Amino acid sequence: MELHVITSTKATNASTQTLSHLNRVIDSEIDTPKDIPITENAQQGGDKREEERAQYRSREYIQLAALYWCMFLAGWNDGSTGPLLPKIQEVYNVGYIIVSLIFVFACVGFISGACLNVPLSEKLGFGKTMMIGNEIVLHNRLSPGSFLQQTAYALQAPQLPFPVFVMTYTINGIGLALQDAQSNGFVASLKDHAETKMGLLHASYGAGALCAPLVATQFSQMKHWSFYYLVSLSVATINTIVQIAVFRFKTQDDCLAQIGQEPGEKGTSEHSHFRQIMSLKTVHLLAVFILVYVGVEVTVGGWIVTFIQTVRGGGSRSGYISAGFFGGLMIGRIALLWVNQKIGERRVLYIYSALAIGHVHPSNLLEVVIWLVPSLIGDGVAIAIVGMLLGPMYPITMNHTGRVLPRWLLTGSIGWIAGFGQAGSAVFPFMTGALASKFGIKSLQPLLVSMMVSMTILWALVPGSPRKSD
């Protein structure tokens with residue numbers, strides 16, 4: 001019996017030693033040969049993630065480039081009016097107030113586009129709201145965007161009778177308002193460096209508004225001046241092709257998913273998006289602010305040429321003054337980005353406003369210099385500086401909108417703000433024309449100063465607190 005116990009104990013010890021030896025062998029195999037594959041797998045995973053990020057960045061750059069071209073077209077459209085306005089008056093033999101009907105019909109288009117944007121975005125999505133092709137006849141599922149601008153330019157080129165000519169501005173206004181709304185809403189929804197991308201988006205607008213007067217001024221001196229709109233038609237056609245190729249009629253969430261961004265938060269309200277947006281006081285304050293801002297921008301760009309020709313005897317080449325203004329606008333939206341970040345976007349807008357209207361030394365009353373100093377070169381420099389100071393205000397407003405409004409209402413809200421604001425490019429230039437017909441074009445200066453003061457007051461009323469999480 002004792003021998004049996006001893007034998008069993010030895011057997012157990014031997015088994016234990018054997019198991020320990022096997023464990024050491026297994027551990028050594030795990031520690032040595034398999035270390036390399038694990039490291040390689042981790043490295044491969046990191047390389048794959050980096051490759052995905054690179055693909056996301058590339059897709060985002062392509063999407064942004066398409067939107068930048070869209071805003072280039074918007075700037076091209078707004079920058080065309082100033083140099084052509086005296087020629088339109090001459091050809092159609094109309095005065096200030098009648099030619100200002102151009103702005104009235106454009107206003108109808110902008111307001112219509114702003115009202116259509118929210119339900120169309122909710123029903124059709126981002127990509128389909130951006131443009132329209134022949135598919136509207138076949139499928140009835142695309143909404144008026146880029147294609148409407150093509151239609152308007154095609155009708156303007158043959159120099160049709162004045163009533164038809166001004167009606168085309170309504171068609172153009174609807175398409176412009178829809179694309180402006182969708183572009184701003186998309187960029188405001190981006191999570192990385194949205195402020196810089198918004199600044200570049202509106203710098204593209206400034207680039208279009210800079211290039212348009214350079215071309216329009218040449219056509220304004222020709223017999224077939226209306227052929228200028230064939231150039232605009234070409235720009236709009238390229239825009240339609242680019243939007244279709246890049247966005248392919250997809251929703252905004254689908255387009256954001258392509259660049260690795262998750263869909264935004266969703267609201268829980270039972271009411272429609274349009275009703276929710278219309279119930280927000282902040283939306284209406286921002287819309288009125290943009291209305292006045294765009295009014296200042298387009299009034300200066302549109303009527304400055306008439307002022308220079310009428311009051312200063314600047315001749316047909318005065319259209320280049322308008323290019324200087326929009327060039328300053330473009331430069332301000334890029335070059336002053338660091339100033340916006342340093343001082344803070346909300347505070348810096350007050351500084352720009354004060355400098356633009358000449359209330360702060362040593363600006364030397366820049367806005368007043370334009371009207372009181374009889375020098376074309378001085379006028380050009382002064383108007384370019386004013387453009388540079390006004391330039392950052394629009395993208396700053398869009399960025400602020402993204403901070404204070406609910407995320408799920410952001411695109412629709414920005415659409416309403418931008419679309420309603422575009423009406424300012426019609427209302428205030430028309431008011432200028434009406435005043436000019438009664439008091440002369442010199443009435444433009446006090447109107448602009450009062451508009452800038454009103455704009456500053458409106459900005460002070462806009463809430464500065466971030467949106468609620470719910």
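Every residue gets a Cβ built from N, Cα and C, even glycine.
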Message = According to TrEMBL, transmembrane segment applies to one of these ranges: 57-73, 380-396. Which one is it?
response = 380-396
Query = What same-chain residues lie close to the transmembrane segment (320-339): Cβ under 8 Å, and 6 or more beyond its ends?
reply = 75, 79, 82-83, 195-196, 199-200, 202-203, 205-207, 209-214, 217, 297, 300-302, 304-305, 308, 314, 348, 376, 379-381, 383-392, 394-395
Query = Excluding the flanking five residues on each side, which residues at least 6 beyond the ends of the transmembrane segment (199-219) place their CB within less than 8 Å of a CB in that stretch?
reply = 64, 67-69, 71-80, 82-84, 183-184, 187, 225, 227-228, 231, 301, 316-317, 319-320, 322-323, 326-327, 329-334, 337, 340, 391-392, 394-395, 398
Key: Proximity of the transmembrane segment (443-462) to the transmembrane segment (285-308), 3+ C-beta pairs under 8 angstroms   = yes
Ask   = Between the transmembrane segment (96-120) and the transmembrane segment (408-431), are there three or more C-beta pairs closer than 8 Å, counting only pairs 6 or more apart along the chain?
value = yes
Task = Using a Cβ distance cut-off of under 8 Å, indicate which of 225-247, 285-308, 380-396 has the most pairs with the transmembrane segment (408-431).
result = 285-308
Note = Given the transmembrane segment (285-308), its same-chain partners at Cβ distance under 8 Å and 6+ residues beyond its ends are 78-79, 81-83, 85-86, 103, 209, 314, 318-319, 321-322, 325-326, 329, 370-371, 376, 379, 383, 386-387, 390, 393-394, 397, 400-401, 416-418, 420-425, 427-429, 432-433, 436, 441-442, 444, 447-448, 451-452, 454-455, 458-459, 461-463
